[in-house]
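Below is one structure, written out as structure tokens; comments come after it.
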Amino acid sequence: MSASSPNNGLCAICSDKATGKHYGASSCDGCKGFFRRSVRKNHVYQCRFVRSCHVDKDKRNQCRYCRLKKCFRAGMKKEAVQNERDRISVRRTPYDDQQRNSALSVATLYNADAATKSMLTQITTSDITRKALANVGDICESMKQQVMKMIDWAKLIPPFNEMDTDDKVSLLRSHACEHLLLSLARRSCMYNETLLLSNDTVITRTSLDNEQNKITCRIMDELIQPMRDIQMDESEFACLLAIILFDPSSRNLTISHRIRSLRWQVQVNLEDYINDRQYDSRGRFGEMLLLLQNLQTIAFQVIEQINAYRLYAGLKLDTLLLEMILQGSHFFIICVFSS
Ligand SMILES: [Zn+2]
Ligand SMILES: [Zn+2]
């Protein structure tokens, strides 16, 4: 049997179900994508063993060196990938004009996040138990700090920075609360049953009022736990923040088509990043996107809670928070941008 024979219907590399002949060999979409990324990015892999690892459907992500070798053995050709790229650039998909890859690469997003990440000194788990419990004032203060950081962060993303102020404001306001919550969850990932705010105060499952405790528990159970389960890394986290930011349905947006293609680009880069992981990554991308749904409903609950506090407990909210989180006027945010 020739390795690239398409008639057995199996991938010549990993024996998964083949979806056709790709780059010269009958293969599955996983191996097709792996080969394409490897060639396009000129990856050089190492084998940790003796260059004869077994490549099958379950183990195909374990050794990239041996998988790529098997792709070549099965008949895949580098040139076919390069030709495909030339053809696409002539045909132009709706997204092609946005294919300035590096502007939204995983590395760019990672750097933007790392540069503005809370510069809290590394705290050991024993220290966290001695931190002050946050009251409502601390929560508002910490949210304000995070909003300022979020603005600084977004400015480090080149395509965002090139937009008109109105579009920037529209994007940031649409999901500011989600951005804050996801950052809080990430910051708290290493602590047990404790949320660490950016102003160095903490929240436990029962340290606040009833309704707020429900929110705390949701953050722990529906955000932090799944993030821990998949061991989300910093690059993946940075991409998720960008996917949240580039929402084409944000209110008052004048460039929604462009935002859609920016988001698409981040998604594709994240997908590639995940697929290039050393170990099996199937399902991982989906898990991450599912987090966004929890995030959205929790954010909604937080906003309701803040509104209730303003109405019934006379909570005075900082202008910036009012405009960013509760969608008041946006005079103040414009001032922040032009300063
Ligand atoms: Zn395969
Ligand atoms: Zn190997």
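Note: Cβ is positioned from N, Cα and C throughout, glycine not excepted.
TrEMBL: automatically predicted annotations, no manual curation.
When pLDDT is averaged over the domain 'Nuclear receptor' (8-83), the result is 91. If you look up TrEMBL, you'll see 8-83 marked as domain 'Nuclear receptor'.
Taken from TrEMBL, the feature domain 'NR LBD' covers 101-328.
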DSSP puts the residues of the domain 'Nuclear receptor' (8-83) at 29 helix, 8 strand, 39 coil
